[in-house]
């Protein structure tokens, strides 16, 4: 078969100012029956484990590949490029090509820097943030020995203060310190998220495509193919913390008509500042970094979508938009925000109901059935399948991803499990210490949670990726219905056992102080790691090796760089605004949200 990806020398091609380099997307066609084309089409039909070899991407240096190119820009039309490709494909394979998309690059001096008001506005906002951090740090240094530092607003932007907050391995005086286990879970899950996203450039511009396909058939790989199910742990944690904090708040504060709007606003303000900084950069200044032949298929599509539909992200409704490529990984943040609003309303209602199960149980059943109904009626996959072609475009048109995986209402069941876990924990703590001790005899069950989860993920990764006809709609519907609550129950039970200290071996490992700093950085790492992938892919000028060692090396580098870049974002944007929220809340203690924003 023709190679899926092929690239001419990019730098050597553009040494001549009259030359052009074009990235050409095309499909293979034939005017008459062709055995090779039939074989390629049949091979590519197994889309769960194979790439589409009927849709190719080649980088062409026109001076070397097109005999009629004499420096004329009009020769970059699809007809002329198609003629260049057809000469080669007719000779070597007996096939013709049909071009679907073309992007051409010339020498750097032909690219103009056209600034607009959006660029100026974003630059001004970033300059203001940096200036506030500089002024706040100088003010802190000048008043460091004074007992009273009156300018609380400026101190919120003190890098020294914020670094102490970030680097501290204890939360002294903070009730949430008893939930230190959540820092380790966050750290491990974010590394898992990075490890799945790091495959994107290898599927887009990988050299050994057959090796990537063979990895899907590796039994060891089967467990990792169900990795998207791990995100349910985040929803469980979110619901759990909300339920716990709301119950604490109701005991200490009055609730008025403004409680719910304030709570939602503070949540929006907690999530938005670092998110908005990266979103603004992606929509404006990133386009001036344009370089390399892969720009349009990587960062280019994200820049275009962010410029046109950024407000969907700011309103946290982008997970209900099809073909969303503006920070596509932020679907989780939008879904979490939507479920947070639902959870806040539920907690307010449950305050006046003696038995929370009357509300939570029906909602759990609804959350259980919603993904199953979607799967059955829309003929979807049982879970998000990491298909090679889908991963390469970040599931731009994958129905399962767009209809079930990234929606808020379809992930409700895990959030309800988290809420329920929060209420269960409070009820246990209301009991006597002796009644808590009786749970310690079940400590061995915690040892089986991780193996059980691994086996369940292995089953999903081995069954639904096997080389066989697609499973019946009933099998897919049943798995779609049980997979989320199953992972949610495991996560909830594990957290509950760790917090109640009914086991001492795993708890020591998971409560290690070293987890706290990466756990605090996890939100900024989640935001920054995918733009790093996009930008890195855009500046590469040749195909990259797809060997396991190269992928592991890329994972290590991406993880380290993401955590390093997350530090200034956290110190200069995330933590200052968290402190501002707290300072603002202190002014109105009776109606404040009372929510600890660190976790």
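Cβ atoms here come from the backbone N, Cα and C positions, even for glycine.
Just so you know, TrEMBL annotations are computer predictions that nobody has curated.
Noted in TrEMBL for the protein shown:
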| type | residues | note |
| --- | --- | --- |
| DOMAIN | 185-566 | domain 'Acyltransferase 3' |
| TRANSMEM | 120-142 | transmembrane segment |
| TRANSMEM | 185-205 | transmembrane segment |
| TRANSMEM | 225-244 | transmembrane segment |
| TRANSMEM | 265-286 | transmembrane segment |
| TRANSMEM | 331-352 | transmembrane segment |
| TRANSMEM | 359-377 | transmembrane segment |
| TRANSMEM | 412-430 | transmembrane segment |
| TRANSMEM | 442-465 | transmembrane segment |
| TRANSMEM | 485-502 | transmembrane segment |
| TRANSMEM | 523-544 | transmembrane segment |
| TRANSMEM | 550-573 | transmembrane segment |
The transmembrane segment (331-352) in contact with the transmembrane segment (185-205), cutoff 8 A, at least 3 CB pairs, sep 6+: no
Residues from the same chain, set at least six apart from the ends of the transmembrane segment (523-544), whose C-beta lies under 8 A from its own: 5-7, 9-11, 190, 193-194, 197-198, 200-202, 204-207, 271, 274-275, 278, 281-282, 286, 289-295, 298-300, 302, 327-330, 332-333, 550, 558-559, 561-563, 565-566, 569-570, 574
Cβ pairs under 8 Å between the transmembrane segment (225-244) and the transmembrane segment (442-465), at least three: yes
Same-chain residues near the transmembrane segment (120-142), Cβ under 8 Å, at least 6 residues beyond its ends: 149, 151, 154-161, 277, 280-281, 283-285, 571-573, 576
